[in-house]
Amino acid sequence: MEEERSEQVTIDPLFFPSKENEQKLIQFLSQAKQYIRICVYTFTNKNIVGKMSQMMKENPNLKIQVITDDAQTKIPSQKAILDQILEEGKGQAEIKLDNSTVSLMHHKYLVIDTEYMATGSFNWTKSAVTTNKENLLLIKSKKLVQQFDQNFQSLWKDFKFMNDRILEQQQEEIDRTERQRLKAEKQAEQAAKKAEQEANADPNNPNPIQKETEAKSKKTPKEPKPPKEPKPPKEPKPPKEPKPPKQPKPPKEPKPPKAPKVPKPPKEPKPPKEPKPIKQKIRKVAQSKNKRKNIESVDFSDDVEDINIKNDVEEDDEDYEDEENSINDFLAEDDSECD
């Protein structure tokens, strides 16, 4: 972590078309001391190729590795550039090609030693410098160089050297041509057979298939098989004996009538209730009489008290009369019940 924090990363963007930025890229390449690893789809820039050839002559320890798409070897002008790199860098330059016919090797980056790299849309062609709109970042960063170099090593392991891949391409082309030749021969043979059938066809029967079917029908018919002997008729089965009729069930005996219910005896009348005692009423009358006697024996001193007492006495007299009348009525009712 301390090394990553202390690392100083520098990035210098280049934009194309620009002859000046092409020279900056060539100067950037001249920093290489150990190796230059180029991974690019198209490589036809003669100025860059000339600079690399000069560097290999000046530094015999410098190694150059190039990865590109195998489609580049099928174009004579592009293959000539790759052949020039190998010829001028014998023992120092190596080139590998993508061996896939389905996908493209479309990377565009450069790794120099352990500190410098470049990447962008820039293809290493003359048109990328003079006419196309391209970009390229020149970067100084050990961490990024390490990551891109790992990707380069994985591709280098999977791809094939240019000469070996060219031999495979040639063999693939031979196989393709042979397949096309065999296919053409088969088609010609079928056409000749059809023409022969048409030439030998009967004008009255232009359909050769119908003629063949008629020829097959003219073959001797097969002898018919002798008829099979008829089977003897089966003897009829004897008729089944009829079942005897079922005997009718005897009628059920009628049930005996139920005995009539005995009527219940009438309930006995309840005895009359006994009359209630009248002790309480007599006691109230006796109490009211005693109260009246007590009132009459009292000595009234004040006029107000006399008036109040008289009123009480009158009220008591009325109560007494009411109670006496109620007692008499009660006794009369009891007498009538006894009758």
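Here the Cβ of each residue, glycine as well, is placed from N, Cα and C on the backbone.
A quick note: this is a predicted structure, and the numbers were derived from the prediction, not measured.
Pulled from TrEMBL:
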type     : residues : note
COMPBIAS : 177-197  : compositional bias 'Basic and acidic residues'
COMPBIAS : 211-256  : compositional bias 'Basic and acidic residues'
COMPBIAS : 265-277  : compositional bias 'Basic and acidic residues'
COMPBIAS : 278-292  : compositional bias 'Basic residues'
COMPBIAS : 313-339  : compositional bias 'Acidic residues'
DOMAIN   : 101-128  : domain 'PLD phosphodiesterase'
REGION   : 177-339  : region 'Disordered'
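Mean model confidence of the domain 'PLD phosphodiesterase' (101-128) amounts to 94 (pLDDT, 0 to 100 scale).
The helix, strand and coil residue counts that DSSP assigns across the compositional bias 'Basic and acidic residues' (177-197) are 21 helix, 0 strand, 0 coil.
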